[in-house]
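Colleague: Mind having a look at this structure? Questions to follow.
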Amino acid sequence: MASQECVDARDPVVDIPNPGMEGAPVPNGGKTCPVHIPGGEDTKRGFRKGIGRHNDYVKISVPDFKVSPLPMEWWKTIMAFFYAGFNLVLTTVVITVVHERVPPKESSPPLPDKFFDYIDRVNWAFTVTEINGMVLLAIWMIQLFFFRYKSIAIRRFFFLIGTLYLYRCVTMYITTLPVPGMHMTCAPKLHGDSHAKIQRILQLISGGGLSITNSHLLCGDFLYSGHTVMLTLTYLFIKEYSPRSFWWYHLMCWLLSAVGVVCILVAHEHYSVDVVVAYFITSRLFWWYHTMANLQILKCSPNNYLTNTWWNPLFNFLERNVQTAVPCSYSWPITCPPACLKNPCKKYSMVQSTREE
Amino acid sequence: MKKVEQWSAEDVSDWLSKEGMPEYQDALHQTDGPALLRLTEADFRNPPLSLLSCDGGQQIMERVKTLQIENHMVAHKNGHTNGHVVGLPNGTSKPLNGTMGRKDLRMEMVHIHIPTAEASRSSFPTEWRKTGAAFCYAVVCFVTTTIVISVVHERVPSKEHTPPLPDKFFDLFNRVEWAFSICEINGVLLVGLWLVQWILLKHRSIIGRRFFFIVGTLYLYRCITMYITTLPVPGMHFKCSPKLLGNWEAQMRRVLKMIAGGGLTITGAHDMCGDYLYSGHTVMLTLTYLFIKEYSPKRFWYYHWFCWTLSAVGIFCILLAHDHYTVDVVVAYFITTRLFWWYHTMANQQSLKETSQGNPFSRVWWYRPFQYFEENVSGIVPRNYQLPFSWRGLNWSRGVKYSRLDLQ
């Protein structure tokens, strides 16, 4: 599926010095670029060493096969999907386990919370949150459907969702917060009844963990808020992968997201700290991942502390062959070559703009 | 082929794609022949060109130099056979026929940019004013934290009314009474070590600035999380001092006492409850270790291991003493490490110091203060050591220099 926008792979005609050489003048001296290794570079490096830095070599252009800077690689997307699926199932299992340990609200009353002191509970607010969440998710899926590089965007979405839910498993499990309000009705505890627990897990998964589908009867999953994660993450993705000029669209989605998050607190369904921590972790992880993916110069830089995270190998696996920032271009998903609706949005990265003709 | 000086912008574009560098075409689409010959390496340190290449524009500059020489050779056709004068750094002057013309050629030679001289020339200015600003910021954050702890203390539910929350670590390990003293001793040791190391660093104003800013921001975040939701005490062993409902003077005295004691239990300054999410002790232990490791020579691995052990044991002892919930410690570790790495990556990469669409890091709220602190620091701060007072002539510089510094 070679699109007409495929550009020649950049020939690494730079004098890449011997990897073992200290004190090389090139910024990536001393350590080869761990991610950025297109094919054939070793041979070229050998030639460079021999010829040295004189300007008297002649470049013989060998017709390269065109390597797309943005390969589809659907198999990686499927692996990311399994990763996210696994983490979602793990989250439901952990919720079920934690539910058994939640102290009853009579013996452990709700913790003092600044927001709850100011704003009283409103019954229907949580429904608003969940509707907003579903609307945002639907908008994101529609946007993805028309996105040209959907496999890359979907892969990133699955990876981030999976990781955020994995973190959530950890924080939920280690310390159990009591219910935020006396209004919450928790399902009875099933001490040791594994069969019933598995049924609960399946019910939770099938309902998507939402209250309006009556699958959210378990308590204890407070730190941090999964609803906030979904609302924030879908908004960030929608904004990132849509044209810069659609400010009204971004504003609308931001409103949906913000109202959804505030309604979680108004409904007294989560503590304020749950929502704040969820927002913080989601936004930081999103920006961290996209900075690493978009700035190619970071992939070559040896002083890149961003690679100190535990998920760096997964990141390298997913993003190894993505060589530029993903441009926001749209097309009909069913390929009919004349009808390529390319939306010329403002390009947001200098790297990307030189790759698209 | 016509001369470079007569190239139009289109010719330049064709040349770029022929040389295998199509990514520059867009950025240089208005560059014609003479402008191309005038390109220097300084142009590649700023956007938009800095974002395009991994190597700081080295390979394209080599090509441009080739063009410049060719251009000169074409211009001075009288008797010059040696076109490689540029490539001889020693400047071995082989007398050739036509020395007159050779002098001409040398006068018009391409300037060879020697990065060493430029890099060592105050890329790391000591701006003590900025360090002072960062210090004030940190002090303000510390004082705010103490005030917030004092406020939150009034709202902590009594332990009879709200028992400690279930915690996985507490289920597995019983409480050990003296463990918290170990944690605090480790903390004091680490802070002491870091202070000594900081005094010995050459670029202490820059590094001090970073430490104060990061510590201040972490404590500011801590104020917020402590304040919005109040966790109950983690164990029945806690003795919280009585609440002073509305008695401002006594509250002020309490705040001052806490500041004077540094918030440590061994100095008797920390008898207030409610400051659980997230753990300030973990923040200090983790942050001092990260800074110690970052700004000391890589070969001191035993020193790094020692500090790591101090830090890890300290954190473990917090939990062993049942003085914080597990989630407090985990969240504190996460936020500290992420902020540290984020800040240092931004500080080390020139291209991340500019706001652009391709730089999502610039959307963080502290980006402006960061730019203020780090705008004149170009490159990675080398780990050089120097005695602080007098003995200025005795510049030890025994630390391992970053090799990249010398050549950038």
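Glycine residues also receive a Cβ, built from the backbone N, Cα and C atoms like all the rest.
So TrEMBL lists these for the protein:
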{"type": "DOMAIN", "residues": "B:7-70", "note": "domain 'SAM'"}
{"type": "TRANSMEM", "residues": "B:131-152", "note": "transmembrane segment"}
{"type": "TRANSMEM", "residues": "B:178-199", "note": "transmembrane segment"}
{"type": "TRANSMEM", "residues": "B:211-229", "note": "transmembrane segment"}
{"type": "TRANSMEM", "residues": "B:276-292", "note": "transmembrane segment"}
{"type": "TRANSMEM", "residues": "B:301-321", "note": "transmembrane segment"}
{"type": "TRANSMEM", "residues": "B:327-343", "note": "transmembrane segment"}
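Situate these features within the shown structure.
Modeller: Mean pLDDT across the domain 'SAM' (B:7-70) comes to 75 in this model.
With a cut-off of 8 Å between Cβ atoms, the residues of this chain six or more beyond the transmembrane segment (B:131-152) that come close are 205-206, 208-210, 212-213, 215-217, 219-220, 222-223, 226-227, 230, 251, 254-255, 258-259, 263, 272, 274-275, 280, 369, 372-373.
Sequence-distant neighbours of the transmembrane segment (B:211-229) (same chain, 6+ residues past either end, Cβ-Cβ under 8 Å): 131, 134-135, 137-138, 140-142, 144-145, 148-149, 151-152, 198, 274-278, 280, 283-284, 287, 291, 331, 335-336, 339-340, 343, 366, 369-370, 373.
Residues 145, 183-184, 186-187, 190-191, 193-194, 197, 207, 211, 214-215, 218-219, 222, 225-226, 229, 231, 234, 263, 303-304, 307-308, 310-311, 314-315, 318, 324-325, 327-329, 331-333, 335-337, 340 of the same chain, all 6+ positions outside the transmembrane segment (B:276-292), place their C-beta atoms under 8 angstroms from a C-beta of that stretch.
Sequence-remote contacts of a segment are chain residues at least 6 beyond its ends whose Cβ falls under 8 Å from one of its Cβ atoms, and for the transmembrane segment (B:301-321) they are 169, 173, 175-177, 179-180, 182-183, 186-187, 189-190, 193, 279, 281-282, 285-286, 288-289, 292-293, 329, 333.
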